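Supplied in structure tokens, the structure appears directly below.
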């Protein structure tokens, strides 16, 4: 019972494990079931047959065998023929064994190949009802090999509905390949449900077709739902892998380590991804130049790496590789293409520059500068005109004085040795230089360990030159005491012949002497005092007076030197107070500090002694001096002085007793600071001497002169204005605008044509108006007689727009005023002949027209009668017009417009 109970209690777990095992076995058996492949009756070698699912059957399988040697299976389950196969009986079968060494499991898959079966389009006629197994109206797996050779139409499969047992069913399909692009590629027999393909299909264009199958009765009834039907196009290895570039270019440095990456190539395949058809393998077919092979390519990634560290650009600077890519994981029957790859070896500085010669000999003349004396050549195997090839030269030894310089010729890479500082034959006849050379780019570690820097020795011979005198040292000095007597001789400048080291035959000449104090002896170069020497002069700096001397030899060669005359000081300058005016602000201070200076050397200067230099007892009583230090003293007042200016004489004496008196102007002010100093008015100025300076006097005189000029200008202006008043009487019609456009009849009075108003001016300036006789006024001219012979003439001619006034004063003065542009002579020449003609015509006609010799009254002017003029002198036939009125000045044109408006 216990055993039974035990078995019963464990039976549920045992049953669950048993069911799980059965499920796994069922799935495995379903994955390892028989596979039926539709193939042509003839298969060529290396032809793709189909694909079986190896991973689902036995995932850990590592050994695969086939029972038929005419076929082979790849890792992804693709089945290929190894030789030509003919299905003589229309079918062929073989078995694939799978074995896992880890789990010791074994599986097998049966593969059946079926050739094309000719299916009659005519539905078979049977008189009995066929019994068949029940079918489900469900999706049926269907596939088709791309690029199938047929024969077409190619039978794919048959679709049937379970309702065919009860109804007469018609089958139809729709979708891409039927009623959509590509049209009419598939069709189904209406009665049998057989599905056919009418032509070849390219998987790269159409990976699959999703069709919909329909089952209907003749009367249109649909007993089944539409059936989704997927037709998958099995891929065929019909596309070659293609490199992304036809020519690849890579660079790699020479002497690179093994395994250095050169570059990576890439190829693409249009076949179905993740299959053997697109599993690519890369390889190098050929290397040029020929082996040894220096490069390798990773078969899966296409990365090119180096296999040797002996890449030398100096031997071979470029390699060409022929590379290949092949699908089917590199199987011999896979498709492949090739491309070219150019690998350029990049230069590194692995070769040191070396001199072609180790010793050089050259020469240079002394005293020459900036000349090329030698070119040094080097050899470098690195890339020309690159930093690895260009040389840098250095003078290692022998150029301690900086006489030489070496530079690189950028074109030839030669070293150019130049002299930049003159050489002296008398000092050195030969110079030995050691020159080294390196590259611009740093050396690689391997190169720098091979050999040290390349060096060369250059021997430079200095040749002698007949040169001029040498002024060495260029600055020479002599010591002379100031104020020595004129004519005193002293040593001067000395130049030497560098070859003889003597001064014979050298002549001297003075080039500069700012104050003309000395003369230079032409033969010896000695100097003679020409004027008194003053150490305190402005041209003396730090007690030294410089002159420039030119030395010449017999051939005219020269040199220039400077002679510094050191002037020894004598006590010839007494101390003095430079600030001669001091301010004492009485409110804030009672003293002022005074400082004395001495132009002599300190040995002849301080300490100074300050004292009041005056016999005036008031100065001694009011002021007091107190010593502050060697050069300063304090001046303070003793009594309460008034605000003002005080002259205080002070004597300053140096240590040797030489003294001078300085009169100090002391300002005692009511101020806070010295800048605010102002003297109080009304206070006594003591005994200060206050004077006006020359500039103050000049300013006062200029002010007075300016005032007189202003007064004189005002008087002249007033006098001229009074003289110009009332030159003409107010009632003269010539100077007034009168109304002249009236045409009313005049009065019955007769006016005398000979009457003329005359203005007479007495000596006292009073003006009287009288009437002059006939002939006084002629042509609009008035004459005004004056008491003392003065005469005033007034011309007023309206016709030409011109007024002219002439005034002759009593005492010979003459004033003339022109108001307009026309001159008097032009108007006179124009009007005088016409006035003469008019006067003559009037005189000749007086006897005949006496009644018209007065103003006439015209009451009526007939229709169309020309407007005439009054008076006997009128002439209707006058030829001269009044066109000049059209060219009046602007002011008269305005007057005419005003009159016209009235």
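The backbone N, Cα and C atoms fix where each Cβ goes, glycine too.
Quick paste from Swiss-Prot:
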- 244-355: domain 'Cadherin 2' (DOMAIN)
- 356-471: domain 'Cadherin 3' (DOMAIN)
- 580-694: domain 'Cadherin 5' (DOMAIN)
- 166: N-linked glycosylation site (CARBOHYD)
- 392: N-linked glycosylation site (CARBOHYD)
- 546: N-linked glycosylation site (CARBOHYD)
- 629: N-linked glycosylation site (CARBOHYD)
- 1-27: signal peptide (SIGNAL)
- 716-902: topological domain 'Cytoplasmic' (TOPO_DOM)
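Set these features in their place in the structure for me.
When averaged over the domain 'Cadherin 2' (244-355), pLDDT in the model lands at 93.
The number of other CB atoms found within 10 A of the CB of residue 166 (N-linked glycosylation site), across every protein chain shown, is 10.
DSSP assigns residue 392 (N-linked glycosylation site) to a strand segment in the three-state reduction.
In sequence order, 562, 563, 564, 565 make up the list of same-chain residues 6 or more apart from residue 546 (N-linked glycosylation site) whose Cβ falls under 8 Å from its Cβ.
Following the DSSP three-state reduction, the secondary structure of residue 629 (N-linked glycosylation site) is coil.
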How big is the Cα-to-Cα gap, in Å, between residue 629 (N-linked glycosylation site) and residue 392 (N-linked glycosylation site)?
68
Given the glycosylation sites 392, 629, which one is most crowded in terms of C-beta atoms within 10 angstroms?
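Highest number of other Cβ atoms within 10 Å: 392.
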Count the residues of the domain 'Cadherin 2' (244-355) that DSSP assigns to helix (H, G, I), to strand (E, B) and to coil, and report the three numbers in that order.
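Once the DSSP states are binned, the domain 'Cadherin 2' (244-355) shows 6 helix, 50 strand, 56 coil.
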According to DSSP, which of helix, strand or coil covers residue 546 (N-linked glycosylation site)?
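Note: residue 546 (N-linked glycosylation site) is in a strand by DSSP.
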For residue 166 (N-linked glycosylation site), what is the secondary structure state per DSSP, taken as helix, strand or coil?
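Assignment for residue 166 (N-linked glycosylation site) reads coil.
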How many Å lie between the Cα of residue 392 (N-linked glycosylation site) and the Cα of residue 166 (N-linked glycosylation site)?
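On Cα coordinates alone, these residues lie 105 Å apart.
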